[in-house]
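Working notes, structure below.
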Amino acid sequence: MKFALVLLGVCAFYLVNATGDLETELEASELQELQEALDLIAETPLESLEAEELEEARKFKLPKINWGKLASKAKDVYKKGQKLAKNKNVKKALKYGKQLAENLAAGEVHEPGTPVGNNKCWAIGTRCTDDCDCCPEHHCHCPAKSWTFGLIPCSCQVTESDKVNKCPPAE
């Protein structure tokens, strides 16, 4: 607040001094208003401004925190997390995530989205529509139903014992 008033005073003082040559163009009332603003700033004691700021600070109070309620919410979230960890679908998703992380950390030769070989197949993690989009040693895995294709897309994955690439071999 003090800074703003000082800045306003400096600007007004500059304008009053800079308008010396332009007095003929400016109306006398405008110059009078600027001089009154400068006088008002000079008359305002800084102590009253500090008192106003202190009063505003006293009025502001931080919201009270109910620590008991917060602790019970944290406990509920922890219990839900434990329940989710036991869910078989979550375990599958975790296994999938770990597999993907291992493949990425292992320094796969091909980044997702880059063609492999002679542009005949796509790397692990790349979106696919069927097994023919993926390499022969991979398969196209769709984790969700077809109506959620846009939300959870199919991707090329490492072929496991129960999954096989059903694309006919290239000639």
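Heads up, the Cβ atoms here are built off N, Cα and C, so glycines get one too.
Annotation source Swiss-Prot lists disulfide bond at CYS121-CYS135 (among others). CYS135 (disulfide bond) falls outside any helix or strand according to DSSP and counts as coil.
Under the heading disulfide bond, Swiss-Prot lists CYS128-CYS140 (among others). Other Cβ atoms within 10 Å of the Cβ of CYS140 (disulfide bond), summed over all protein chains shown, number 22.
Swiss-Prot lists CYS132-CYS167 (among others) with the feature disulfide bond, giving similarity to another entry as the kind of evidence. CYS132 (disulfide bond) has a Cβ environment of 16 other Cβ atoms inside 10 Å.
Under the heading disulfide bond, Swiss-Prot lists CYS134-CYS156 (among others), citing similarity to another entry as support. When secondary structure is read from DSSP and collapsed to three states, CYS156 (disulfide bond) falls in the strand class.
Summarising the annotation, Swiss-Prot assigns disulfide bond to CYS142-CYS154 (among others) and lists similarity to another entry as the type of evidence.
Taken as a whole, the domain 'Oxytoxin-type inhibitor cystine knot (ICK)' (118-171) shows an average pLDDT of 72 in this prediction. Per Swiss-Prot, the feature domain 'Oxytoxin-type inhibitor cystine knot (ICK)' maps to 118-171; the stated evidence is sequence analysis.
The annotation region 'Linear cationic cytotoxin domain' is assigned in Swiss-Prot to 59-104.
Look at Swiss-Prot and you will find 1-18 tagged as signal peptide, backed by sequence analysis.
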Which disulfide-bonded residues sit within 10 Å of CYS132 (disulfide bond) - Cα, from CYS140, CYS142, CYS154: CYS140
Among CYS128, CYS135, CYS154, CYS156, CYS167, which are disulfide-bonded residues, the residue with the most C-beta atoms within 10 angstroms of its C-beta: CYS156
From CYS134, CYS135, CYS142, CYS167: disulfide-bonded residues whose CA lies within 10 A of CYS128 (disulfide bond): CYS134, CYS142
Rounded Cα-Cα span from CYS156 (disulfide bond) to CYS135 (disulfide bond), Å: 8
Residues in the region 'Linear cationic cytotoxin domain' (59-104) grouped by DSSP into helix, strand and remaining coil: 38 helix, 0 strand, 8 coil
Sparsest Cβ surroundings (other CB atoms within 10 Å) among the disulfide-bonded residues CYS134, CYS142: CYS142
